[in-house]
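In Swiss-Prot this protein carries:
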- 12, 13, 14, 15, 16, 17, 36, 100, 123, 124, 125: NAD(+) binding site (BINDING)
- 87, 93, 125, 156: substrate binding site (BINDING)
- 149: phosphoserine (MOD_RES)
- 180: active site, proton acceptor (ACT_SITE)
């Protein structure tokens, strides 16, 4: 008898894609299909086999295959896109637009063909614009095309807060709004340590420094690595979102969602709090923003639109 499990396809078998595939399998969330270009089919198969051979040791039951044939992804419950060129030191996210938008269109055509009912999560940078590109190419309802940045940016923010206070990261909550770039908006006012507002625990000077470090978080890792970009935390963030969808958890998470008037913006993808469940984005949550917070979000939106103009 064949075991019927959920199915997740991960497009792009680089560091982030492969790590995502392994974490998905370890958590037994789904069978995993890891996909890359034909020239990299054997290395992709090798990575998948290596992961599968870890299953007896790690104690998980999940099938993992590597392939370059999108037919193997057919009827995926979730498809995660990590494919694209990597960000290099000194490279702005804007520099990635031309090449990665072409990759998105090519990949999305295959996804829509083989898994017309799937939910797509996009990681490829610049992720706000790439998610919009995938949305337009796929022709899916907006709820089923989602970008990942807020979970990652918020994780970085929570990490730095926990370090500052010498507390468990489990006790730190927070939200980061806006585009995935230097103009993102960590909302200190909606962030807490064990239910206590951060503003009562950390000085404004230190909070400002933590906010700035969060904004530069991706670049900090790029510069430290010297080659490539972060992949452990991005992969973990993708898995958290995927789990919320597959298990219909209706989690309140920050995600890149298509806006149609929420927060006063239209026809763009932007990082906002959402309810994430079995149908994808179940609802966009609108927070009340102070004037300075709304102005910061306006600046972030302007940055996102500037990148989107390159697409058009």
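Using the three backbone atoms N, Cα and C, a Cβ is placed for every residue, glycine included.
Features per Swiss-Prot, on structure.
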residue	record	Cβ within 10 Å
12	NAD(+) binding site	25
14	NAD(+) binding site	20
16	NAD(+) binding site	27
36	NAD(+) binding site	24
123	NAD(+) binding site	30
125	NAD(+) binding site	27
149	phosphoserine	29
156	substrate binding site	25
180	active site, proton acceptor	29
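Considering only the recorded positions 149, 156, 180, residue 123 (NAD(+) binding site) has 149 as its nearest partner by CA-CA distance. The recorded positions shown are 149, 156, 180; of these, the one with its CA atom nearest the CA of residue 14 (NAD(+) binding site) is 149. Residue 180 (active site, proton acceptor) has its Cα within 10 Å of the Cα of these recorded positions: 125, 149, taken from 12, 125, 149, 156. For the pair formed by residue 125 (NAD(+) binding site) and residue 156 (substrate binding site), distance between Cα atoms is given as 17 Å, rounded to the nearest Å.
Cα to Cα, residue 36 (NAD(+) binding site) and residue 149 (phosphoserine) are separated by 22 Å. Under the three-state DSSP scheme, residue 14 (NAD(+) binding site) falls in the coil class. Of all residue pairs in 12, 13, 14, 15, 16, 17, 36, 100, 123, 124, 125, the annotated binders of NAD(+), the farthest apart have Cα atoms separated by 17 Å.
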